[in-house]
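Enquirer: Just dropping this structure here.
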Amino acid sequence: MINGLGSLYGLVSMATCVVMTTASAGDKSWLFHRCMWDCNKQACRDETKISKGFRQFNHDETEFQSTQPWYMQWLQWSCKDDCDYHCMWHTVEELRHDNNPVPQFHGKWPFVRFYGMQEPASVLFSILNGLPHIYMIHKIRQTVSPKSPMYNVWHMYAMVGINTWFWSAVFHARDKPFTELMDYCCAFSSVVFSFCTLWLRILGTENRLMAGSVATVFLSLYVYHVRFLVQGRIDYSYNMKVNVATGLLTSACWLTWCFRRRREQPYVWKAAIVSIAVVLLLSLELGEFPPYMWIFDAHSLWHAGTVWLPFLWYSFVIDDCHYLMNQQNKQLKVTETSGDTGDVNDGVDDDVDDMHRSGVSSTSGDNNIWMGNSFNKSLYKMSRNKARVEARPH
Ligand SMILES: [Zn+2]
């Protein structure tokens, strides 16, 4: 996300998914294959009892699932999935017994499942990453005027973030092809929308044609890429390159914007910190070690490390919304003062009053290039009215 939350989450999500569907040393091992063959034959196809802790299953998945706890049924654990899980631990135990290193399986370290969730720590931290979006957008609604130029954009940003983390939690709970696809698509939506948000902030949202054009460009980019994800085979390498390139570009652009606006808008340090922090935390993803207590791996720690970032980011958002409103107010004040020509300017004053009623309060601010176009139109309209009045023969 850089801002970073979306975009960088996307990067890491992609990085994880890249390895997910590839074969690993664990699932390629003879121990694992032998176990799976036995389990599939005996547990999933035969009704004979199995030793070594496997329960008695048969080929009927419905009947198998009916023997499972509700959470296992709800998360759609099939007999084969269950074999995969038990054989993974069987292989790990055998290898550790012979002092061999713990391998990965299907691109993942072995995790202890919790209530059917495959990566419980990542599920928890994904939820914790999503909740701040809900909390902070609520705070924005309490403290920011709906007339603020970026008000709706940040709402959409929060929606995208919530949706992304929801599917992240679902994916980490169960890595099915559908949940994997949704995680890919939603992670990329955060990457793209973060970049889109930056340009909407720079170019303004008051000119609907301009804002619509920007949104269309990024939506096209998103659809173009998602098309590859949905179509049959996914080019993981290409997918990751696109996400990394888009995310890093977004980060660089936000940091550049922050640097250039640091004097006029001192609060941009918050956005800069978030952008930098996400990149630094990303290094956690480089860690390759078996999960601590078979629960916490590098990826889950990355998710844990980003939980605080939305609070700082939305704090920046609130400050920025206030800043934009102040800019509007200052321009209004200047125009109001210079346009005070008595009764003949009643129409002008009415325009100003309308804008004040719409939620603008009188505050000071610096002149800047981020003025909304609709606001400029109002100023233009007022100036034009004034010119007409002055040109009228007395
Ligand atoms: Zn994840």
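Cβ atoms here come from the backbone N, Cα and C positions, even for glycine.
Note that TrEMBL annotation is computational and uncurated.
Sharing the feature lines straight out of TrEMBL:
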TRANSMEM  6-26  transmembrane segment
TRANSMEM  151-169  transmembrane segment
TRANSMEM  181-202  transmembrane segment
TRANSMEM  209-230  transmembrane segment
TRANSMEM  267-287  transmembrane segment
TRANSMEM  307-325  transmembrane segment
Enquirer: Does the transmembrane segment (307-325) come close to the transmembrane segment (267-287), meaning at least 3 CB pairs under 8 Å for residues 6 or more apart?
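Expert: Between the transmembrane segment (307-325) and the transmembrane segment (267-287), which are separate recorded stretches, there is contact, as judged by 3 or more close Cβ pairs.
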Enquirer: Six or more residues beyond either end and a Cβ under 8 Å away: which residues meet both conditions relative to the transmembrane segment (151-169)?
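Expert: For the transmembrane segment (151-169), the list is 1, 5-6, 9-10, 13, 122-123, 126-127, 129-130, 133-134, 136-137, 140, 144-145, 179, 182-183, 185-187, 189-190, 193-194, 197, 200-201, 205, 303, 310, 314, 317, 321.
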